[in-house]
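Going by TrEMBL, these are the annotated features:
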TRANSMEM  26-49  transmembrane segment
DOMAIN    26-299  domain 'Cation efflux protein transmembrane'
TRANSMEM  55-75  transmembrane segment
TRANSMEM  87-112  transmembrane segment
TRANSMEM  124-147  transmembrane segment
REGION    152-234  region 'Disordered'
TRANSMEM  242-262  transmembrane segment
TRANSMEM  268-288  transmembrane segment
Amino acid sequence: MNNIAEKYIHQHNFTSVNEQNVKRTWYVLVITVITMAIEVIAGTIYGSMALLADGWHMGTHAAAFCITLFTYSYAKKHANSDKFSFGVGKVGVLGGYTSAIALAIVAIIMLVESLHRLWSPIEIQFNQSILVAIIGLVVNIASMFILGHEHHGHDHGDHKHHSHEHDDHERHSHEHDDHKHHSHEHDDHKHHSHEHDDHKHHSHEHDDHKHHSHEHDDHKHHSHEHDDHKHHSGNDHNLKAAYFHVLADALTSVLAICALLVGKFLGWYWLDPIMGVVGAVVITKWALGLMKQTSPILLDENIDEDYQLAIINTIDDQQTKVTDIHIWRISADHYSASIAICTSTDTSVESFKHSLNKFDKLSHLTIEVNYC
């Protein structure tokens, strides 16, 4: 293969495993396992349901952290595998979804056990339970800082702010100037340019589509591996899931401490299981929220309407119309798009592609131009 052809081989590595995040997750896993063992043993000995709930909760989170670490490892190992059409960018999203399910299971277990303790209360040794719960809270807070989850669980949806064609995205346009040679002019089909970067062996002529221009382009495959994606780290659903688990631990620790203090000084023994119920409800809400964020990506749901409209408005005019458009996520931070265009002008495929350079999340782009 000559050097010119090699420049246009598509890469489909849309993963960005942050080694620092991997190390942080390992640290949190070790701390969580140790604290879990202490809380479960103490909760059993001292009879605190809130403490037991916190301990078992941490145990399931330890399993979730194992999922997180496995996901990072798998994504790194198979980053350049040909088995996956668009790479393993969704592995992290799948890890986040799986952890969300684990979080929901924990909430159900907490709810059932808390209701059981509400109807069948047992004696609680408050002083010992409070001490261990405080230790658990300190560990959870430390784990949150270790993870360094800067967006604190905030998900920016489909990042609708990207749909407003930011001028600062124009900086990417220089990276695509070298794509202009992609068009192959066939003398016998003056309006037929056919491009398959992914399938260079497709030299066949589509006689039934003589006025059909087709381009498969990696558009923004950025050989620099998206260094600017550091500001998109908030879309690491794998890390977000780990953070949610630690946050849930912190919540149950706080609830346990409150329940134990009130029970000790006011004699409200029933508050201990009630706090378990409250914690279960809140954790369920977090789990459902994380599922809601990850499931559309796994199901290839279209990107929000504003983003699509921004692309359509960039292309459409009196002589050119977008006749079909599909945009979906191939990882947390990368989009793939398939766009069909009908135009009465002689605008080239490269020109349409260049007009979309400002949409820096379009990492894999397919453009079909029909001259009509």
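Backbone N, Cα and C define each Cβ position, glycine as well.
Among 87-112, 242-262, 268-288, 242-262 has the largest number of CB pairs under 8 A with the transmembrane segment (124-147). Between the transmembrane segment (87-112) and the stretches 26-49, 55-75, 268-288, Cβ pairs under 8 Å are most numerous for 55-75. Listed by sequence, the residues of this chain that lie at least six past the ends of the transmembrane segment (242-262) yet keep a Cβ under 8 A from its Cβ atoms are 25, 28, 32, 48, 50-51, 53-54, 57-58, 61, 64-65, 68, 99-100, 103, 106, 110, 124, 126, 129-130, 133-134, 136-137, 140-141, 143-144, 147, 149, 152-153, 268, 271-272, 274-276, 278-279, 282-283, 286-287, 290.
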